Amino acid sequence: VNFLTIPSDSVTLEVLKEADKFSISPTGEVKTKVKLDHDDAPHNYSVEISISDGATSDTAVVEVQVTDINDNSPVFASSSVTKSVPEDAKVGSNITDVAATDKDSGFNKEIRYSLRGGEGRFFIDPVFGMVSLAAGLDRETTAEYELLVMAEDQGRPARSATATLLLQVTDINDNIPMFSKAEYQLEVLETESVGTSLLTLSAEDPDEAANGRVTYSISQQSPSSEPAVFELEASSGILKLAQPLNYSDVKVFILNVQASDGGTPSLVGNGSVVVKVKDFNNNPPKFSKESYDVVVFENLASGASIITLEVTDIDEVVAVDQATDGLNATAQLNITVLDYNDNTPQFPSIPYPLQFPEGEYSKEKPGEIFTILPTDADIDLNGEVTLMGCCWLLVPWIGRARKSHVVVNIRVASLVEGVAFQSFFYNFSLPENNLTGATVGQVRASSGSNVYEVSYSLKTHTDLFSINSDGAIMTTKELDKEQQEWYILDVEAVDTRTPPTSALALALDPDVGDSSGLVYSLSDSSSFDVEPASGLVYVVSAADLGGKTVPLEVIVEDSASSSDVTIISLNQLANVVESKVPELEESLGKVLGWAVNIIQVWSSVGEETRMLRASVRTMVSFVAHDKGEAISAEEVRKKLQSASNDVKAELVLLFGDGVNFNVETGSPSSTSDQVAVIVLGILLAVTVLGLIVAVVFVV
């Protein structure tokens, strides 16, 4: 404070007001006596001072203004705040405000807020300190977040403070209970006791409290039953058997199970349990009948099937060797063996020479020379023998001095001798569109005696054919090859015996299409023969063949020579090619312009087919012909090679993409004959009683 005094050495300066806070020096310097606080005390002071020289005095007022400095840090109401937030809170929603205060003024008291932590899921308003949600929450992933809230004033230097904000995420029922397995499987013996614990189901719900508390139940049982076969404890998830099991009734149960939580609304998880009932061998097998009666002929071949026994067992059947604890059943099988006429009559031993007494004999008064009683080991009619003589022995007088030698021819005939056809097979062919009444062919049968006559009748296709008394078969309608290529006829021949005997001619065509050109023969056999056209092997004499296995070599000859046979190979399975032989013939014929007949299909290893095989290379042999004339293989190969693209296109249509073919240059065989071996098992010597005759014709 500046002042003027005369003289200046006797002046006294004094603070009259606010003297507790201020002082003045003799030189007029005003000083503070205490620390002034802008935040807690007045911001302005009026300090009254006085000056005196002893005689006079004066007063003055010094106005003191206290200015603020940033000497206070922001202060939170609490250094630790805990709040809860539901996990389904929407992004942007306010959670809580965390405000701080600062005693300073001006910029020194202005506060800016910031957050640390929270994984970026929270936001704080920098001016007002309001904490809000910045991203979605999942309590099951993170149940709580600890954030650090910082409050910083705007002074220079700035002062700051921090507080801890603990946010606890509260649960909502947003998780469905999940079973430990989508499907449980178990096996249970059908003898298991009721009440047995079978399985413990387990489901988890990550929610807390009631929201995560799981109860169990069965929603459906398949097949259903009343009462239910199974029960499930609600709290423990233990599956128990509630009713007895029976493998024969139900082999598999499927249970739909549920796990429900205690939330509102409750959430439900689904699962399934497959219960397989294991069989226990508690039911014996059972025959369809208690007794079976079977009639068989004594000449039945070894290994032949005579009856099929039907046995059922409601238990599960498992094949084992020498079961020791298995159940069993019995049934009676009565087998009646019928006699077969397999023995020829036998003459008794006739003494030579025959001696008889002399005397006068005549037809009216014959004399007995010797009784001939033939025997037959067969029974009933098969064993009854009729003795027939072709001449009489007439000796008017026989004296002691004369001897007469007479040869008596005797023929033995079985009582069961009857009508028989003269040939085993008849093969006939007939052009289509012939007029009605055209002769197809003639069959012939003999009764074995001139005494008996034979008549013929058709048993099949009587609408198209007829047969006359001479065995001639004729058409009754015009025939069309496109409608039907071959026919099978049954022809019966009946004689006039009492009772009459008959023979059946079974009309069949074993050769379809152009296969009738095959000729069959046997290489060497005195006991068997083969029908040349059909290939039927039959017994000529079965003497001394009982119980033996006889191999026969059957030779099949075709009308085409080996030089006419062409071979191609395909990268297709043999059975696939085999199933499409007619289509393959048509496709090859379309490209070649000739008729094609496939002879054989076989795999590349060389075995004959007509059986299923897995192979990637199949051989096909065929013959091409034009108007009945065979085309040489060389000419066919040339045409196949020159038209290979067309052949490939046809094969793709038939077998699909990827098919390839090659024209093979080798010959099919060193000989044109095809040889098959037939093995016949002979159990007993065979005498043919009935004859089957095949009448075959091709339209």
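Here the Cβ of each residue, glycine as well, is placed from N, Cα and C on the backbone.
Remember, TrEMBL labels are computer predictions, not curated facts.
Per TrEMBL, domain 'Cadherin' is recorded for 22-76 (among others).
Secondary structure by DSSP for the domain 'Cadherin' (77-179): 4 helix, 49 strand, 50 coil. Feature annotation from TrEMBL assigns domain 'Cadherin' to 77-179 (among others).
Taken from TrEMBL, the feature domain 'Cadherin' applies to 180-287 (among others).
Annotation comment: TrEMBL describes 317-347 (among others) as domain 'Cadherin'.
Residues annotated as domain 'Cadherin' in TrEMBL: 422-534 (among others).
TrEMBL lists 675-698 with the feature transmembrane segment.
The domain 'Cadherin' (22-76): residue composition by secondary structure is 0 helix, 26 strand, 29 coil, according to DSSP.
Summarised by DSSP class, the composition of the domain 'Cadherin' (180-287) is 4 helix, 52 strand, 52 coil.
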